[in-house]
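Take a look at the following structure, please.
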Amino acid sequence: MTTDAKLKKIEENVMVLDDQNNKLIKEKKLLEERVSEFTTNLTEEEEKSKSLQKLKNKHEAMITDLEDRLRKEEKSRQELEKNRRKLEGDSTELNDQMADLQAQIAELRAQLAKKEEELMAALARIEEEAAAKNTAQKKIRELEAQLSELQEDLELERAARAKAEKHRRDLGEELEALKTELEDTLDSTATQQELRTKRETEVTQLKKALEDEAKVHEQQVADMRHKHNQAFDELNEQLEQAKRNKASVEKAKQAMESEHSELAIELKTLAQGKSESEQRRKKAETQFQELQIKHTESEMQRKELADKVAKMQSELDNVNSVLSVVEGKSVKATKDRSTVESQLQDVQALLQEETRQKLSFSTRLRQMEDEQNNLRETLEEEEQGKKNTEKQLYTLQAQLTEMKKKMELETQSLEGAEENKKRMQRELEAVVQQLEEKASTYDKLDKTKTRLQQELDDMMVDQDNLRQTVSNLEKKQKKFDQVNELMGDDGIEVLLQRWAVSTSGPGCHEGSVRQGPAGQRRAG
């Protein structure tokens, strides 16, 4: 071939290479602009993510503080509830004691009324006994009067008897005188004999009449004496019975008066005890009202804290939603960056004609990029695990909120089922424990992320070193190309090829390396 043909061919090759170089430069600029734009957007999204993470941490700290305050309020409310139940028990016990005292008072009043009735009956019996006594005394006086009359009659009878005895003696003396006269006049006439017989008959009849009268009189005196003695014994027995009845009535009266005094004292003591119990009940009711006021205040504070917790939870949900949007944008930017990286890898395919040392360094660079991709995938997996953990955290927080609502409902119903409350408390503790475990897992993921970020930073340093080495090699290549300019046509052709490669490959490679830190920052 002639020199003109060679020059023409070289010029055509140079024009083709210039066109390719211009296209590659334009594509490189476009890719660099897109990488810069993606890097800027990624940086902004990372800043937003950091600020949202700080806000989330702040809200979580506030929620933790509010939960601590809520637990304290719950504890104080439980103490107030315990004191309230204690006071209710004391009030119930006092009411029972008052009911017992009132029952005792009613029983004592019934006993007192019964004793008063018995006392009235005893007094009535005493009055009856007194009336009977008066009647007996009246009868005794009447009998004594009758006895006096009988004694007077007896004296009269004795006087009459003495008179009759004197008359009998007089008659006996007359009879003796008549006998004497009769004996003196034995020789009298028959008339005298008849008269004497008649007189003897009269004397005999008179003696017999006197004897009969004396017997009748003695029998009457004996009967009157027997009746008098019997009546006197009856009166003495009635008098003794009346005295005994009076003594028993007096004794019963004294006993009833003593019991009445004791019942009055006991009633007074019970009334005093009732007054003291009433004072204690009023005091307990006052304390109970104070505790109810404190309980109401604590319930209001607890509701305010619950409202604050709900508000903070809502803000946290909003922050989490914004964070999710930011993370979605970040994932999209990562995908776009992957697309750009694939395009850059296509461009880097044009650098295959580099020197052996440059190819080895490029191979090392690709290996490190593979490790970077692996780390990125690991980081994405960790991010996914973090998302899952956050979802579980949100689920547990929702469960915690539901548990709190259930606990509030149980609290508003005055803890009607203590066993349910304990079960809910255990479930709440289990949820809190799970939340703590998830938080621990979240911390571990953060530590793993930090470790991977450190490894990624180390790889970035290695990439910078490799980039510096590649730059040095390019400088050496340029010097080597300048040396080859002194060679012939073959040297010119090689120079043109090297110039084309140096203007396209290193620039593209530099763009690839330059997008690396942005990609690394995005991965971080």
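Each residue, glycine too, has its Cβ placed from N, Cα and C.
From TrEMBL, here are the annotated features:
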type     : residues : note
COMPBIAS : 66-89    : compositional bias 'Basic and acidic residues'
COMPBIAS : 240-265  : compositional bias 'Basic and acidic residues'
COMPBIAS : 292-305  : compositional bias 'Basic and acidic residues'
COMPBIAS : 366-390  : compositional bias 'Basic and acidic residues'
DOMAIN   : 2-483    : domain 'Myosin tail'
REGION   : 66-94    : region 'Disordered'
REGION   : 180-200  : region 'Disordered'
REGION   : 232-305  : region 'Disordered'
REGION   : 361-391  : region 'Disordered'
REGION   : 503-524  : region 'Disordered'
Go through the chain and flag residues at least 6 beyond the ends of the compositional bias 'Basic and acidic residues' (240-265) whose CB is under 8 A from any CB in it; none is fine as an answer.
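Same-chain contacts beyond the ends: 108, 111-112, 115-116, 118-119, 122-123, 125-126, 129-130, 132-133, 136.
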Please compute the mean pLDDT of the model over the domain 'Myosin tail' (2-483).
73
Under the DSSP assignment, what numbers of helix, strand and coil residues are found in the region 'Disordered' (232-305)?
74 helix, 0 strand, 0 coil
May I have the DSSP-based helix, strand and coil counts for the residues of the region 'Disordered' (66-94)?
29 helix, 0 strand, 0 coil
